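Structure record follows, encoded as structure tokens.
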Amino acid sequence: MSGRGKRLLELFAASLKLGLTSFGGPVAHLGYFREEYVNRRKWLDDGSYADMVALAQFLPGPASSQVGIGIGIMRGGLLGGLISFLGFTLPSAAALALFALLLEGMGIADAGPLHGLKLVAVAVVAHAVWGMGQKLAAGRARMTLALAAAIAALLWEAVYGQAVVIVLSAVLGLWLFREQEHGAESAQSGKGATSFGSLPLKGADSGSAATVVAGAGNHPGLSRRTGAICLLIFFLLLVLMPVAKELTANHWLALMEGYYRSGSLVFGGGHVVLPLLEREVVPVGLVTQEQFLTGYSAAQAVPGPLFTFAAYLGAVSDGAMGAIAATAAIFLPAYLLMAGVMPFWHSLRQRPNVKRALAGANAAVVGILLAALYDPVWTSAVTSSADFALAAVLFILLTYWKLPPWAVVIIGALGGVLLNSLYP
């Protein structure tokens, strides 16, 4: 086997191991990645790793998957990025697709365990809003922007409405945060204050405070020409796929366009994909509200990126091929953006206007997720005082007892069975 082939095989083995064992969300994933890639395999040093994480925070999409893609590109070019993505993504995508197919085959009704999973979704989204709000919406300006975004998201239910809200908030961020000192922390993200480089982690747990200084330099895996081509492909797909969908009325093109657009607009971590995907699949009847929330809760119990929730949704609507198409479409923007921006990252990250715009966009993300917590998550799951009590218990277990999400999923399912027996 050639040296390149051996490197690619090692890359797949390492990423597959991480895909099978990385529980706990994006921040935990990044810890596993550092242990595997920096400490164990020594493929890069802490500075280079921190630089890669900072880039992933800057881009929309799943942070941990983007870091894996970036390391794959550094090791093996574009093919290495693809192999790294496949290894990390396949386990959870396959598990969630299989879960969807089993539910369909068994014809399980919306009772007992499935109702409990819907209440898990309430706790998980509330936990995300709580943590993200403390960091992303700190201060009057950011809180006001977040609340305005929430109101807009609730009142404007168009498919493109949330994208417009994010863009407008980014523009407002240029003005609202112009007084920030150059280099100050601005793009607070996820659930906490842990940061790598100049940007904080998507999905970081509140209370965390470790900081790593980003390494300098451009990434050697790709030329600027290749990066520019990847960015061009990204924007062409984003603009032309909706046009082609309207002209052809092709079901598969329409399916992939919705997931591609959702993957292109997710700032702030994996939970933010919830309202975007809900607008894509529930109103048009691809999945029911109950199926959507059940799958979202199940996604908390598997390792790997939360974006593989798309595999579940695709499987519910279109079987195994739907799972493949949805997964490929929602992750493709992350791959193209990572490959496209890597060669330009060192110079781009120095610009304060970029940081201010990202601060505005991330504040809007909190509001959009808050709106989703109310509708559809709360309105479709909490129908009685007993439901509220179980959801509150699950929220406390996540937020204060720090139980892992998979454990809360099991407790929620059992709680749903108990509620169903007590209040049939």
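Even glycines carry a Cβ here, placed using N, Cα and C.
Of the given residue ranges 12-33, 298-319, TrEMBL assigns the label transmembrane segment to 12-33.
Looking at 44-62, 405-423, the range tied to transmembrane segment in TrEMBL is 405-423. Contact between the transmembrane segment (323-345) and the transmembrane segment (12-33) is not supported, since fewer than 3 Cβ pairs fall under 8 Å when only residues 6 or more apart in sequence are counted.
Counted over residue pairs separated by six or more positions, the transmembrane segment (405-423) shares fewer than 3 Cβ pairs under 8 angstroms with the transmembrane segment (226-247), which leaves the two as not touching.
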